[in-house]
Amino acid sequence: MKRRYFGTDGIRGQSNVFPMTPDLAMRVGIAAGTIFRRGNHRHRVVIGKDTRLSGYMLENAMVAGFTAAGLDAFILGPIPTPAVAMLTRSLRCDIGVMISASHNPYEDNGIKLFGPDGYKLSDDIEAEIEDLLEKDLSTQLAKSDDIGRAKRVDGVHDRYIEHAKRTLPRDVTLQGLRIAIDCANGAAYKVAPAVLWELGADVVTIGNEPNGTNINLNCGSTSPVALQKKVDEVRADIGIALDGDADRVIIVDENGSIVDGDQLMAVIAESWAESQQLRGNGIVATVMSNLGLERFLDERGMALARTKVGDRYVVEHMRQHNYNVGGEQSGHIVLSDYGTTGDGLVAALQILAAVKRTGRTVSEVCRRFEPVPQLLRNVRISGGKPLEDIQVQKAIADAEAELAKTGRLVIRPSGTEPLIRVMAEGDDRAQIERIVNELIGTISNVRSAA
């Protein structure tokens, strides 16, 4: 069944445009509250957000919805997504909410939901919520004496700071490291610099002056140019770029070069394997991760399990098969020893631990493999199903046959935008570019004719 509201990472869209309206946010609160209002105990929801202007509006709407459904609401204010997941468990809540559109510009916003175990909701539970959203929710409202209360919770940032600090091995200190960190004017603008400073680093911070409209604006993990300049300017040993809700990270080495999530997973996998912390004798990544990562792991006797795109699917596979390292090329790194979802800061701390323990530079530590040439292009669509067209399917089959022994092809609809993503990788860059361009042309022609 096609889903109307939920994508690969919750509900997302332009603020004050369906589905990201206060009316729907309130209805999501009622619907989700109804589903998790089970048992005889007093029910609770924890609600966090990033720094977007629309966060105030959506926060109040969701508080109204959940309290109307009979849940007490704990309001956290701006805080990283992994902190919401952690606090959902530690505060014994029935459900957790993060209001954020992650790396998107401020005009967008989104709703991510976590179960009482701190994990993102399954497709089945999201389908239950969608089913309720199509019904009359007035029958689900709490009785007058059962309406929930709302309370703003103080001190939650300190809880997350202590949690993050505990993930750095006790024999490691960050003294002697100059770290430049870009907080994307987002949810981690207070906590991330504090963690690094308390662990002994010399910290230089940018992207820590949110005003409601500058989240991810020329800063953060999707726009690391400002961080590259700052690393060069202050001669930092490393740069750390988070995104708006701090669930992903990109590293800049001392030379200003960017290190993506694939390289970071390689570092952590190798380091944890050496210390016998790695479980599953490998890691979990998505179909978008570079073939070079797969070859790197294979050469060291480790496996790479692939899932469809979305960190929630990475986490599901990790839980099912007992892996403790997983992630995405984009910088979502999930370390299940320390959390239930991607955590950019905690992942960065594992890289810093490897740097300190080896005594090598960040560039030496983080360049674990040579990436295979990879090209990703998007085709914007306004409707229809071009991937079901016979002409497109034949072009895809021909491309897959050509790449069978030397590369990979991934074509998929975006889960968050009206796009079709075309990615190919292989040892021959010219071949990859030709294949992608031909497929883009075929899909575009079918789209235009539709």
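The backbone N, Cα and C atoms fix where each Cβ goes, and this holds for glycine too.
The model shown is predicted, which means the values in this text are computed figures rather than measured ones.
Marked as active site, phosphoserine intermediate by Swiss-Prot: Ser102. Marked as Mg(2+) binding site by Swiss-Prot on the basis of sequence analysis: Ser102, Asp243, Asp245, Asp247. Swiss-Prot lists Ser102 with the feature phosphoserine, giving sequence analysis as the kind of evidence.
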Where Asp243 (Mg(2+) binding site) and Ser102 (active site, phosphoserine intermediate) are concerned, what is their Cα separation in Å, rounded?
6
May I ask for the distance between Asp247 (Mg(2+) binding site) and Ser102 (active site, phosphoserine intermediate), taken between their Cα atoms and rounded to an integer number of Å?
8
Cα of the residue listed as 'active site, phosphoserine intermediate' to Cα of Asp245 (Mg(2+) binding site): how many Å, rounded?
5
Let me check the 10 A CB neighbour count of Asp247 (Mg(2+) binding site). How many other CB atoms are there?
34
In the same chain, which residues outside the set Ser102, Asp243, Asp245, Asp247 have their CB within 8 A of the centroid of the CB atoms that define the Mg(2+) site?
Asp50, Pro80, Thr81, Ser100, His103, Gly186, Ala187, Leu242, Gly244, Ala246, Arg248, Gly342, Gly344
Report, as a single number, how many Cβ atoms besides its own are within 10 Å of the Cβ of Asp243 (Mg(2+) binding site).
34
Would you mind checking how many other C-beta atoms are within 10 angstroms of the C-beta on Ser102 (active site, phosphoserine intermediate)?
32
Going along the chain, which residues six or more apart from Asp245 (Mg(2+) binding site) have their CB under 8 A from its CB?
Asp50, Pro80, Thr81, Met98, Ser100, Ser102, Gly186, Ala187
Three-state secondary structure, which DSSP defines for Ser102 (active site, phosphoserine intermediate):
coil
